[in-house]
Every structure is written in structure tokens, then in C-alpha cells.
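See below for the structure under consideration.
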Amino acid sequence: MPFKNLNDVKEHCENLENIAIFLGYNANVDALKYISSKNDLYELLDEKNNIGDVKIDIDKVIENMASYPREIKTPEEFLARLILAMKSGKPVEIPLISANLSPNFKKWLEDLKFNEKRIGGQVGIIANLLSLLNLEKIIAYTPLLSKKQSEMFENKGNHANIFYPVLKKDGKVSLTNINNAYKDDETKINRIFEYKEFDFEFNNEKIDIPRANRLILASRPENLRIDISEDIKKELPEMGKDIDCAIVSGYQSIKEKYSDGKTDEYYFKRAVEDIKLLKSKNLDLKVHLEFASVQNPLLRKKIVEYLYPVVDCAGLDETEIANILNSLGYSELSEKILKDSRIEDVIEASKIVLEKYDLEMIQIHTIFYIMFICKKIEDKAKNDIKIAQLKKSLEFATILASSKAKNGLITSIEDLKMGLDTPYNQYGDLLIDLVSNISNSSEFTEYNIVLVPSRIVKNPKSTVGLGDTISSGAFVSYVADLKNNNVL
Ligand SMILES: Nc1ncnc2c1ncn2[C@@H]1O[C@H](COP(=O)(O)OP(=O)(O)O)[C@@H](O)[C@H]1O
Ligand SMILES: O=P(O)(O)OC[C@H]1O[C@](O)(CO)[C@@H](O)[C@@H]1O
Ligand SMILES: [Mg+2]
């Protein structure tokens with residue numbers, strides 16, 4: 001067990017302090033609505049426009065939403081997708097395009113009272129986490145940075161360590177404390193419905209919620225472009241020279257077509273350029289792409305086809321990798337994962353993606369485990385060290401995630417004691433045995449498959465952002481090993 005006490009965790013955090021990282025592109029405000037019981041649910045559904053009076057045939061509504069991007073426009077569609085998400089036991093994110101909303105649904109959303117507002121988006125969540133872990137420098141780039149959004153970035157390290165690239169009057173780009181770098185942009189708000197485990201009746205059906213989870217209604221503002229303006233873009237090579245790694249994300253909000261005539265291809269080509277520019281003066285730079293759920297299979301395929309070839313590491317959950325496989329034509333394997341989430345199938349899927357895009361590392365997080373898959377190092381002694389380091393990075397990630405699950409957010413390194421004190425889930429030993437058998441099979445002799453069981457928090461305060469927490473914690477820990485001892 002690599003972490004016996006909080007001091008071991010603190011010592012591990014110290015290894016991360018010399019890491020500098022670039023984060024792009026998506027940040028937003030997460031407005032959280034807690035649904036802790038069936039009464040909360042009925043109150044939510046009855047609020048104002050009597051959305052609860054909506055009598056819906058869930059299957060019919062879903063059938064009618066067959067066209068993509070399967071966004072939500074009406075109360076019926078919201079209700080149907082919320083109940084399906086609750087039943088599924090899986091995290092769900094669905095785009096919400098305000099221009100397309102029915103008037104009564106738009107009003108219902110506007111009148112909704114939220115329990116809590118906190119930073120969201122991969123960039124927002126990861127920047128605040130890594131700041132707290134005292135990383136040397138975090139360049140957090142997001143296209144929209146309103147004053148309200150900039151204030152939600154919390155420079156909680158020993159020194160202000162979250163920076164935003166600002167074009168100065170002399171034409172130079174300076175990395176400015178993000179709290180002072182805001183522009184007159186709109187604030188992007190996502191609505192998060194965080195529900196606990198409970199059961200309820202709906203349309204004469206008893207519905208069980210198998211585990212606490214969340215449904216995200218992700219706004220898609222027309223003027224949000226996943227892009228870096230030319231004057232900042234030209235500085236990317238210099239920024240890349242002074243950092244060790246990058247985490248890129250947010251491509252899920254790219255739309256096929258924009259009002260100004262631009263298309264998704266325009267933004268994907270520029271996103272590839274951004275990564276190549278960051279790497280251009282620093283060949284050791286490691287780039288991790290954190291996936292999110294993408295309803296539209298064409299868009300999902302473009303994200304991996306354009307971006308996986310130019311990144312080194314990919315983080316995603318089992319639903320996301322199943323959907324990627326579906327977009328790549330492996331529909332049978334995809335269906336099996338979506339239906340049963342068997343680890344053998346997830347590992348096979350990871351190997352397919354790793355090989356197809358020549359990735360260095362895949363990191364998968366599911367409710368029951370967190371796993372790294374990568375090629376072995378020739379030298380056995382070195383590879384054994386690598387496995388031990390990968391395992392330690394995953395352990396660290398589970399401690400981060402369960403601390404955040406327990407407390408809703410991590411406010412100090414002391415909070416990590418909560419995660420450390422949370423035991424592995426009951427399937428831990430079974431999963432470890434399963435993976436060691438698979439690792440020894442002929443198909444995987446060239447691969448390291450390293451798994452750590454998750455430390456599931458019963459009745460978590462919230463679940464949104466746990467995947468971002470896991471992926472970023474494991475990735476920066478991996479990079480620290482690369483940087484500090486070059487064994488990997
Ligand atoms: N109650 C919980 N306790 C501990 N870890 C959890 C709990 N619920 C979920 N997790 C972890 O968080 C991950 C959620 O990942 P993901 O859905 O990608 O989150 P997000 O995209 O919101 O960051 C799961 O794969 C699991 O490892
Ligand atoms: O797809 P979007 O609008 O960038 O939102 C991403 C969502 O995913 C999260 O980052 C969690 O992974 C939420 O905080 C956020 O609401
Ligand atoms: Mg995720």
C-alpha cells in the first residue's frame with residue numbers, strides 16, 4: 001500500500017510541485033441542484049410550470065429524440081432523460097442550446113433555484129485542484145473569461161500559480177494571475193442535477209436509482225469557440241518550452257456549423273495546430289486529452305480522428321470509450337461494454353484505441369476501478385519500477401476522488417485524509433485478480449495493465465468533476481515520475 005498515512009500523501013504531493021502545466025479549453029460555472037429524495041424530485045418536477053403534470057411516455061420521447069445532437073428542448077425531454085439517467089447508474093451530460101428551448105422549459109430553467117454554484121469544466125476543476133497541490137505554474141486558458149468566472153479560480157497554492165495569457169499593449173503576451181485577467185465575456189453556466197440513491201414511482205413504475213450520480217445540462221453558447229486567438233496562439237511555442245505537460249478538453253462543445261459559416265473542421269484543424277505549437281519547442285511535452293460525453297457520433301469520431309494522433313495520453317470513462325468504439329465501427333464490442341461494462345471488454349477496447357492512435361497511455365475510470373494501460377518497457381527491472389509508479393499514481397487519484405466525493409470539494413491537502421480513510425470498494429480484490437489473469441494472457445504480454453479499485457464514498461456530497469479529478473491527479477503524477485527520474 002503506497003500511502004499508509006497523510007504524510008505519505010503529502011510527500012507525494014511535494015513531487016508534483018515542480019510541474020508546470022497548460023490547461024485548455026472549457027471552464028464554466030456549475031449550478032448544482034441536489035435531489036436527495038423522492039420529495040426533492042417531485043418538488044423539482046412540480047416547481048412553477050407544473051412540469052410534474054407532464055405525463056410522458058419515456059420511450060416515445062426518447063425515440064423522437066433519435067436525431068442528433070439529441071439535445072433537450074422541452075420539459076418532457078428533460079424529464080425522460082433525467083429518469084433514464086437515474087435508472088442507468090451512469091453519469092450523463094446533455095447539450096442545451098438555449099435558442100432551441102421551448103418557452104415554458106426556458107422559463108422553468110430560469111426560475112430554478114440552485115443549491116450551490118462552483119467552478120466547472122475540465123479547466124476550471126483541474127486548475128483549482130492543481131493549484132491546491134502547489135504546482136509551480138498552471139496556465140489555464142478558456143475562451144470566455146468573465147469577471148464572475150475568473151473569481152472562481154482559486155489560487156490556493158503557496159503562491160498564486162494559476163495564470164491566463166493576456167496580450168499586452170506592446171504586443172507581448174504576459175501570463176497574468178487569472179483573477180485579474182477577466183474580459184467583458186458572458187459567463188457560461190451548466191446546470192448539474194446531483195441525485196442520491198433512492199427509489200420513487202413514476203407513471204406507475206417503481207424506479208430504483210442504483211447509485212448517486214449527476215446529469216449535466218451543458219450550455220452551448222453560440223459565441224463560445226474552442227479556439228485560441230492568433231495573438232495568443234503565436235506564443236504557444238514559447239509557453240510550451242516552459243511547461244512539462246498539458247491537459248486538453250472541451251471539444252465536446254464544438255458544433256458542426258456556426259452562424260458565421262465556420263464548421264467543426266475549422267476548429268478541429270486549429271485545435272491540432274495548438275497542440276503541435278505547444279510541442280514545437282519541447283519534444284518532451286506530454287499532452288493528455290480528457291474526454292467527455294459527446295452525443296453526436298460524427299463529432300465524437302472527429303475528436304479522436306483529429307486529436308488522438310497528436311496527444312500522448314487519453315482519459316475517459318467506460319461509456320466514453322464504448323461510444324468511441326461505436327464511432328470507429330466496433331459496434332458489437334461497444335454494445336457489450338454499454339450493456340455489461342465487463343473489464344475484459346474495456347481492456348480490449350483500450351488496446352484497440354491505444355494501437356490505432358499510437359497513444360503512449362490510456363487511463364480509464366469507472367465506478368469500480370481506475371486503470372492505466374500502456375506498452376511495457378523492454379528492460380524488466382525498469383518496467384517493474386514503472387508499474388509500481390503507475391500504481392502509486394492511480395492510488396493518489398483514488399484518494400483525490402474519494403476526498404472530493406465525500407466533501408464536495410477539496411479545500412486543502414489535509415482534506416485528502418478523507419480519501420485515504422475511504423476503503424476500496426467490495427469488488428477490489430476480484431478486479432485485481434481479473435486484471436492479473438488478463439495481463440498474463442498472450443494477447444497482453446507487451447502491455448502493462450495497472451488497476452486500482454476506486455474508494456467508493458457512500459452517499460457522496462457530489463459526483464460532478466470526479467473524473468476530471470482522477471484523470472488530472474493520475475496524469476500529473478505520471479508526468480512527475482517522467483520528469484523526476486526518467487525511468488518510465
Ligand atoms: N461515490 C463515489 N465515490 C468515489 N468515486 C466515485 C464516486 N462516484 C464516482 N466516482 C468516480 O468518479 C468517476 C466519474 O467520472 P466522470 O463521469 O468522468 O466524472 P466527471 O466527468 O464529472 O469528471 C467514476 O469513474 C468513479 O471512478
Ligand atoms: O461540456 P462542457 O459544457 O464543457 O461541460 C463540461 C462539464 O463536465 C465537467 O467538467 C465535469 O467533468 C463539469 O464541471 C462541466 O459542467
Ligand atoms: Mg468525465
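For all residues, glycine too, the Cβ spot is worked out from N, Cα and C.
TrEMBL entries are annotated by machine, without manual review.
Record features (TrEMBL):
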| type | residues | note |
| --- | --- | --- |
| BINDING | GLU290, GLU320, ASP468 | Mg(2+) binding site |
| ACT_SITE | ASP468 | active site, proton acceptor |
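Other residues of the chain with a Cβ within 8 Å of the Cβ centroid of GLU290, GLU320, ASP468, the Mg(2+) site, are GLN122, SER249, PHE291, ALA292, GLY315, LEU316, ASP317, GLY467, SER471.
The local packing around ASP468 (Mg(2+) binding site), expressed as other Cβ atoms within 10 Å of its Cβ over all shown chains, amounts to 25. Less than 6 Å separates the Cβ from ligand 2 in the case of ASP468, drawn from the binding-site residues GLU290, GLU320, ASP468 in sequence order.
Under the DSSP three-state reduction, ASP468 (Mg(2+) binding site) is assigned to helix.
Under DSSP, GLU320 (Mg(2+) binding site) is assigned to a helix (H, G or I) in the three-state scheme.
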